[in-house]
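Chemist: Below you will find the structure I want to go over with you.
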């Protein structure tokens, strides 16, 4: 048996192929796992659990079916879907996790997170992140009518895409010292995250000992997952 990790699907009604690929992944791969962990940016944006988007309902039903088949699903918020709350979690059968979580799987000790907190060189993004994760601001936003929330979300997304065009690749990637500090803070040999859309396994030397940072790819043209078994941790890219 295995444990699976995915991130950065950016599910949207405008990308039906990705949705179909994810549903096929649940039926053909996740169904055979011990557990499924989704490490953020599951949806392209999220304006509240009260959004009656049919896609959200379809995904919730598929995840609940997975849970009913004996495979639990766990979720860490990303920068696109940080407003997913207890209502959707209940409807989908997902368990919401904190922004960092240490797992003990067989002999592996693994830290999981979305990954945006590691990108400390991007000062503008970190300021934005601090604002939108403010609970008071979130409560105010969720009090707005859905139409206004949707308008704000689309405007923020457009602004983010425009801003990122002028940022260097290095700024939008993780900061090496932030990675080392995080490894030391949580005392793990492995870290798995998403966010940067740069699938790879990096070896990080800390005090003469190897540590491993696994990065999930985004589901743009193919699927990406980490598969953890008793004897290995592997990054797998696969067609939809």
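Every residue gets a Cβ built from N, Cα and C, even glycine.
Pasting the relevant annotations from Swiss-Prot:
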BINDING   8, 10, 41, 197  Mn(2+) 1 binding site
BINDING   41, 79, 114, 195  Mn(2+) 2 binding site
BINDING   79, 80, 122, 160, 164, 167, 195  substrate binding site
Chemist: Once the chains shown are all counted, how many other Cβ atoms turn up within 10 Å of the Cβ of residue 164 (substrate binding site)?
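Modeler: Here the count is 13.
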Chemist: In sequence order, which same-chain residues at least six apart have a C-beta under 8 angstroms from residue 122 (substrate binding site)?
Modeler: 167, 171, 172
Chemist: Using a 10 Å cut-off between Cα atoms, which of these binding-site residues sit near residue 79 (Mn(2+) 2 binding site): 160, 164, 197?
Modeler: none
Chemist: Please classify the secondary structure at residue 160 (substrate binding site) using three-state DSSP.
Modeler: helix
Chemist: Starting from the Mn(2+) 2 site formed by 41, 79, 114, 195, give every other residue of that chain whose CB sits within 8 Å of the mean position of their CB atoms, in sequence order.
Modeler: 7, 8, 39, 40, 77, 78, 80, 115, 116, 194
Chemist: Which residues, same chain and not among 8, 10, 41, 197, have a CB within 8 angstroms of the centroid of the CB atoms at the recorded Mn(2+) 1 site?
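Modeler: Sorted by sequence, the hits are 7, 9, 40, 78, 80, 194, 195, 218, 219.
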Chemist: Rounded to the nearest Å, what's the C-alpha distance separating residue 8 (Mn(2+) 1 binding site) and residue 195 (Mn(2+) 2 binding site)? Just drop the number here, would you?
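Modeler: Here the two Cα atoms lie 7 Å apart.
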Chemist: Quick check on the binding-site residues: of 114, 167, 195, whose CB has the lowest count of neighbouring CB atoms inside 10 Å?
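Modeler: Counting other Cβ atoms within 10 Å of each of the binding-site residues 114, 167, 195 gives the minimum at 167.
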Chemist: Could you check which of the binding-site residues (10, 41, 80, 160, 164) sits closest to residue 195 (Mn(2+) 2 binding site), going Cα to Cα?
Modeler: 41
Chemist: When the Cα-Cα distance from residue 197 (Mn(2+) 1 binding site) is computed for each of the binding-site residues 80, 114, 160, 164, which gives the smallest value?
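Modeler: That would be 114, the closest of 80, 114, 160, 164 to residue 197 (Mn(2+) 1 binding site).
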Chemist: Which residues, sitting 6 or more apart from residue 80 (substrate binding site) on the same chain, put a CB under 8 Å from its CB?
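Modeler: The answer is 10, 40, 41, 43, 44, 45, 46.
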Chemist: Among 79, 80, 122, 160, 164, 167, 195, the annotated substrate contacts, find the widest CA pair distance and round it to a whole Å.
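Modeler: Value for the max Cα separation, rounded to a whole number: 19 Å.
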Chemist: Which of 79, 160 (the binding-site residues) has the most other Cβ atoms within 10 Å?
Modeler: 79
Chemist: Rank the binding-site residues 8, 41 by the number of other Cβ atoms within 10 Å of each Cβ and report the first-ranked residue.
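Modeler: Selected residue: 41.
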